[in-house]
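S.K.: Would you mind keeping the following structure in view while I ask a few things?
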Amino acid sequence: MNSLLHHSFLKTVFSSLAIAIVTSSLSSVTIAATHPLDNHPKGEIAASSETAHNPWSGTRLIVAISVDQFSSDLFSEYRGRFRSGMKQLQNGVVYPMAYHSHAATETCPGHSVLLTGDHPARTGIIANNWYDFSVKRADKKVYCSEDPSLSADPQNYQPSVHYLKVPTLGDRMKKANPHSRVISVAGKDRAAIMMGGHMTDQIWFWSDNAYKTLADHKGEMPVTVKTVNEQVTRFMQQDEAPVMPSVCADHASALKIGNNRIIGLAPASRKAGDFKTFRVTPDYDRTTTDIAIGLIDELKLGHGNAPDLLTVSLSATDAVGHAYGTEGAEMCSQMAGLDDNIARIIAALDSNGVPYVLVLTADHGGQDVPERAKLRGVETAQRVDPALSPDQLSLRLAERFQLSHNQPLFFANEPQGDWYINRNLPEQTKAQLIQAAKSELSNHPQVAAVFTASELTHIPYPTRSPELWNLAERAKASFDPLRSGDLIVLLKPRVTPIAKPVSYVATHGSAWDYDRRVPIIFYTPHASGFEQPMPVETVDIMPSLAALLQIPLRKGEVDGRCLDLDPTEATTCPVK
């Protein structure tokens, strides 16, 4: 089989697991946490006459898939190489250039957008981490998917939906009909939480060495999850050396970065017990997929008397992108695994026997390591100047203003994004330091723009097409006056905000289009597909799915709009 689907690192242990999960044997197992309608006979819900004429109507199961860091650039590069699941999806409705319109192109803000229909300014999820000076603990840095009241140590946080301000599609489905079930599965807790929302029935994410759930979800672990965790425990006792797919030979080229580290030649090998490297191997996404397809059958999703929602976030593309960049053999091998995993999900949905709609997109884009990009003609590709770090700037300003060096003047996670002034300083001093910091940062050759919170507060909310938004408007879409920093710093294009490549060599998070643009693909069997190259927004996904489910939205209730998925004179959107 000469395709991306075929690559020899798909181990026998997973093949047997996949068979065990998707066959009907699991459907005979009784678990305590099942829905009252789980015993509904499979296939009893027949397609209505309306469904027969309009494949988008009568949906019993919505499946929303996010591929972490799957940029429009990656989609463009590999869409002609896909031979399986990703190729099949391209028979659907394809938006190759959808925009995360906001500036903070990180995992948590991006996932908060996908199924809420709102920009981060409304969801409240302005970054993966920010500073909340109202929390009682000493460390004021908070994680987007934690409840800080439950832990004094942010390194030992309790995953929670606490910070998400708005409802998700799943929350709206549950409000419309409490019998709807919301199941969320992901490699990252923040992805599962932000896509699932406030009312998940089942939520599973990778944590340390197994798939786990939220502390307040007390039901019995499904057989599917238990089986996958047992499989992980067994195969992690052995070394693994994945074999690179033959189609990736043209991407294999050695690149030396950092302290003589070599990347680009082959997918990562893993030693027994190395759970960190596990996240950049095919096993990471494959086990997440195994849980998703297993729960489709075990919970009989779509077979109740109300539509169900399954959200899936595949996190390995992001892990590979951070560790190796986007243009080496590592990412090519990862794309092969993605193609296979999507094929398995589609096969499970087809076997499930109920009408479904699948949407695939991403939480943000990404860019390659600057060292390789520069070799390939991107002359502006570079790493950030260490002098732009908040600590370095604090020291310089402390000298200028004759302030103590015992505490930082500014707090920030990295040079780009939100910067917070030290709240213990006098008000007049804070105002002077904010203006001084803005001036110094703005004059740095790697900085594109610096906005104060006051400036962003007074900027009108943008309404034009997202590719036309200026930097201030992009920052505005990520700005929450109660959570955002006193300064928002945007670096120039192709400046990687990692000064020294160690474990992370590449990243995202900028306001530039390579981080903002992602594909959106809507797919349902037997529907006429089309491609629309004109830009749309990721906030448009939720209103489009809500329309298919006939869940009404008031004008202006969300930032997104319904996308018409029917290429004929008929429409899948509410008639005005």
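Placed from the backbone N, Cα and C atoms, the Cβ positions cover glycine too.
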S.K.: Per Swiss-Prot, which one of ASN128, ASN129, ASN229, ASN259 shares the substrate site with LYS188, ASP189, ARG190?
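M.R.: Looking through ASN128, ASN129, ASN229, ASN259, the residue Swiss-Prot assigns to the substrate site is ASN128.
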S.K.: Look at the Zn(2+) 2 binding annotation in Swiss-Prot, where ASP318, HIS322 are given, and name the residue from HIS119, HIS162, HIS179, HIS508 listed for that site too.
M.R.: HIS508
S.K.: Besides ASP68, ASP363, HIS364, which of THR107, THR116, THR326 does Swiss-Prot list for that Zn(2+) 1 site?
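M.R.: Checking THR107, THR116, THR326 against Swiss-Prot: the Zn(2+) 1 site match is THR107.
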S.K.: What does Swiss-Prot give as the disulfide partner of CYS573, choosing from CYS332, CYS562?
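M.R.: Looking through CYS332, CYS562, the record in Swiss-Prot gives CYS562 as the partner of CYS573.
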S.K.: With H, G and I counted as helix, E and B as strand and the rest as coil, say where DSSP puts ASP318 (Zn(2+) 2 binding site).
M.R.: helix
S.K.: If you take the centroid of the Cβ atoms of ASP318, HIS322, HIS508, the listed Zn(2+) 2 site, which other residues of that chain have their Cβ within 8 Å of it?
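M.R.: Apart from the listed residues, the neighbours are ASP68, GLN69, THR107, THR317, ALA319, GLY321, HIS364, GLY366, ALA506, THR507.
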S.K.: Fewest other C-beta atoms within 10 angstroms of its own C-beta: which of the binding-site residues HIS322, HIS508 fits that?
M.R.: HIS322
S.K.: Rounded to the nearest Å, what's the C-alpha distance separating CYS144 (disulfide bond) and HIS508 (Zn(2+) 2 binding site)? Just drop the number here, would you?
M.R.: 17
S.K.: Once the DSSP letters are reduced so that anything not helix or strand counts as coil, what is THR107 (active site, phosphothreonine intermediate)?
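M.R.: In three-state terms, THR107 (active site, phosphothreonine intermediate) counts as helix.
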S.K.: Calculate the distance in Å between the alpha carbons (Cα) of CYS562 (disulfide bond) and CYS108 (disulfide bond), and round it to a whole number.
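M.R.: Distance between the two Cα atoms comes out at 23 Å.
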S.K.: What is the separation, in Å, between the Cα atoms of CYS573 (disulfide bond) and THR107 (active site, phosphothreonine intermediate)?
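M.R.: Rounded to a whole number, the Cα-Cα distance is 29 Å.
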S.K.: Have a look around CYS108 (disulfide bond) and count the other CB atoms within 10 A of its CB, chains all included.
M.R.: 29
